[in-house]
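S.K.: Okay, handing you the structure first.
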Amino acid sequence: GNHTLLTDFVLSGLSSRPELQDLLFFTVCLFYSMTLIGNLLICMVTVHPTLHMPMYFFLRVLSFLDISTASVIVPKMLVNLLSEDRSISYTGCVTQLYCVVFLAATEWYLLAAMAYDRYVAVCSPLRYAAIMNTRVCLSLVLLSCCSGHVVSVVQTAWVFALSFCGPRRINYFFCDIPPLIMLSCTDTSLYEKQIISATVLVIFAPFCLILLSYACIISSILKISSAEGRHKTFSTCSSHLTVVTLYCASGTLIYLQPKSSNSQDTKKILALIYTTVIPTLNPLIYSLRNKEVKEVLIRVM
């Protein structure tokens, strides 16, 4: 088809207003720097001998995924904010889409694994070490990565099987599914149903498992007689629930209706929050609400 003749795309970026480019550059650069520094600190802190627990192992993997997600998107976005040439090669667009979907899907499955870890820790504390051993933790991470890979390969193949015979300008700041299918000149109704199914599989299925885990956790917390014990347990779990809520709210609004009449500028803002702001908040949420992490972080600093 005509899509095979394309050699590149053009990314419109965050805004077409020239007077905002410098402000956007410094703002995004600040968030990217905070993402790198914060998540690298989490990676360094969680290898400390006192934090050799499954929860901190999963947190370290989550920080690595956050760094990777931001690094796949932000450097190219920063270059485009300072350059008049905003093109991205066809191969580069395919690669970026695959990486974005793979990292996002893997992160969702990892969040579900982290919820299961908290469920075992609260509901079966005496068997926690036996259930969540090293082999199980590595298997959960590997399963998350394999599931993310399968989802990403299918989604990327579906998108680039479409015919792009219209303009090559992508009204977005990176190659993502909703703006790409808007460039297709063929009927995408079947694909829109498929992407909704994928959204349910990647976001809502893990989210339901997370909610189920926390329903059991809350039930167990209410049985704790000590008020201090209830507060400590709830504080540990609420950090993870906060991150899940942020991801679910922004991700659902972006992908549930990929070719809707909603404002594209609104989707850009949501995508910026999902890919840039939330990875910056994760280290703050987990470190400021976790006494053990704060103590080790102070010693490391």
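The backbone N, Cα and C atoms fix where each Cβ goes, and this holds for glycine too.
Heads up, here are the entries from TrEMBL:
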- 38-286: domain 'G-protein coupled receptors family 1 profile' (DOMAIN)
- 23-45: transmembrane segment (TRANSMEM)
- 57-75: transmembrane segment (TRANSMEM)
- 95-116: transmembrane segment (TRANSMEM)
- 136-161: transmembrane segment (TRANSMEM)
- 195-222: transmembrane segment (TRANSMEM)
- 234-257: transmembrane segment (TRANSMEM)
- 269-288: transmembrane segment (TRANSMEM)
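Each of the listed features needs to be described in terms of its position in the shown structure.
M.R.: Long-range Cβ contacts of the transmembrane segment (23-45) within its own chain (Cβ-Cβ under 8 Å, at least 6 residues beyond either end) map to 14-15, 51, 59-60, 63-64, 66-67, 70, 74-75, 77-78, 81-82, 272, 276-277, 279-280, 282-284, 286-287, 293, 296-297, 300.
Beyond the ends of the transmembrane segment (95-116), by six or more residues, the same chain brings 55, 58-59, 61-62, 65-66, 68-69, 72-73, 76, 88, 140-141, 143-145, 147-149, 151-153, 155-156, 159-160, 174-177, 180, 202-203, 206-207, 209-210, 213-214, 240, 243-244, 247, 251, 275 to within a C-beta distance below 8 angstroms of the stretch.
Within the chain, the transmembrane segment (195-222) has long-range Cβ neighbours (under 8 A, six or more residues past its boundaries) at 104-105, 108-109, 111-112, 115-116, 118-119, 122-123, 151, 154-155, 158, 177, 181, 230, 233-234, 237, 241, 244, 248, 251-252, 255-258.
Same-chain residues lying 6 or more positions outside the transmembrane segment (269-288) and placing a CB less than 8 Å from one of its CB atoms are 14, 28, 31-32, 34-35, 38-39, 41-42, 45, 59, 62-63, 66-67, 69-70, 73-74, 100, 172-174, 176, 239, 242-243, 246-247, 250-251, 253-254, 294, 297.
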S.K.: Six or more residues beyond either end and a Cβ under 8 Å away: which residues meet both conditions relative to the transmembrane segment (136-161)?
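M.R.: For the transmembrane segment (136-161), the sequence-distant neighbours (Cβ-Cβ under 8 Å, at least 6 residues beyond its ends) are 3, 54, 57-58, 61, 94, 97-99, 101-107, 109-110, 113, 116-117, 177, 180-181, 191, 194-195, 198, 201-202.
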